[in-house]
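Straight out of TrEMBL:
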{"type": "DOMAIN", "residues": "14-291", "note": "domain 'NADP-dependent oxidoreductase'"}
{"type": "ACT_SITE", "residues": "TYR47", "note": "active site, proton donor"}
{"type": "SITE", "residues": "LYS76", "note": "site 'Lowers pKa of active site Tyr'"}
{"type": "BINDING", "residues": "HIS107", "note": "substrate binding site"}
Amino acid sequence: MAITLNNGFKMPIIGLGVWRMEKNDIKDLIINSIKIGYRHFDCAADYQNEAEVGEALAEAFQTGLVKREDLFITTKLWNSDHGHVLEACKDSLKKLRLDYLDLYLVHFPVAIKHTGVGTTASTLDKDGMLEIDTTISLETTWHAMEELVSMGLVRSIGISNYDVFLTRDCLAYSKIKPAVNQIETHPYFQRDSLVKFCQKYGICVTAHTPLGGAAANTEWFGTVSCLDDTVLQGLAAKHKKTAAQIALRWGIQRNTVVIPKSSKLDRLKENFHIFDFELTEEDMEQIKSIDRKYRTNQPAKFWGIDLYA
């Protein structure tokens, strides 16, 4: 299954996120994922593993496992490179061993102190607060993103972690409309207003953290996973699926793209097998009732400032 973006390109509705994947494990995970059926991989300069993903992709192409045109590859501009968009994109392409990206996203709507292309540092000041660069506007960054499309380096461009106000602004100043807004959304953080706003104006929503972060965000941020919720557990029993499969199926039935992350082969298979059942309207309403407006990804822990406040 795929969603057609506002520029006509098709984006697979489920992908594999590579955040926090161990570098030594990536090649096997990517190759096995392709064998399972994944055709969409979500990367970022900040994940510091683009080179390893590139090695895996090169092997997949060379062995004939898959063709480049069969895959949808996303990566992201890091905050410290807002004034160096072209160089950052070329750096990611080189590491990924690709001639073009299917999708390039502005990772966060904030420019910070530049530390060198590809370094993706988040410099803090003497008070432990993120060094925000107030000289580069998001509009300037976006127009540089648009140039990448004109140059043929990128097929689609988009935004990430933008709220309604910032998304509206981007629509106003853009010549090329954002194809995607990648945001945290899951049963405990449904964000219906933002999702509906984006979809109304032709922006596809991609759900990062579609399982509420599960163990990874519990470890990093001390957050609670929605997968233990009694409603999801009950629906899992009803449909003879796992709570994770219920959460992912809920996501695609909202017409959002989901990009779960896992380093376990059995979970990779489980997460992909969500097309052989359907949630009823009653099921969807039950899940709607458990929204807690609960964000699990909390970068303020590392940045000394809450950008969502």
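Every residue, even glycine, has its Cβ placed from backbone N, Cα and C.
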Counting only residues 6+ apart in the same chain, whose Cβ is under 8 Å from the Cβ of the residue listed as 'active site, proton donor'?
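Same-chain residues close to the residue listed as 'active site, proton donor' (Cβ under 8 Å, separated by 6 or more) are VAL18, TRP19, ARG20, MET21.
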Report, in whole Å, the straight Cα-to-Cα distance of LYS76 (site 'Lowers pKa of active site Tyr') from HIS107 (substrate binding site).
5
What residue among the recorded positions LYS76, HIS107 has the most other CB atoms lying within 10 A of its CB?
LYS76
Restricting attention to the domain 'NADP-dependent oxidoreductase' (14-291), give the mean pLDDT.
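Within the domain 'NADP-dependent oxidoreductase' (14-291), the model's average pLDDT equals 94.
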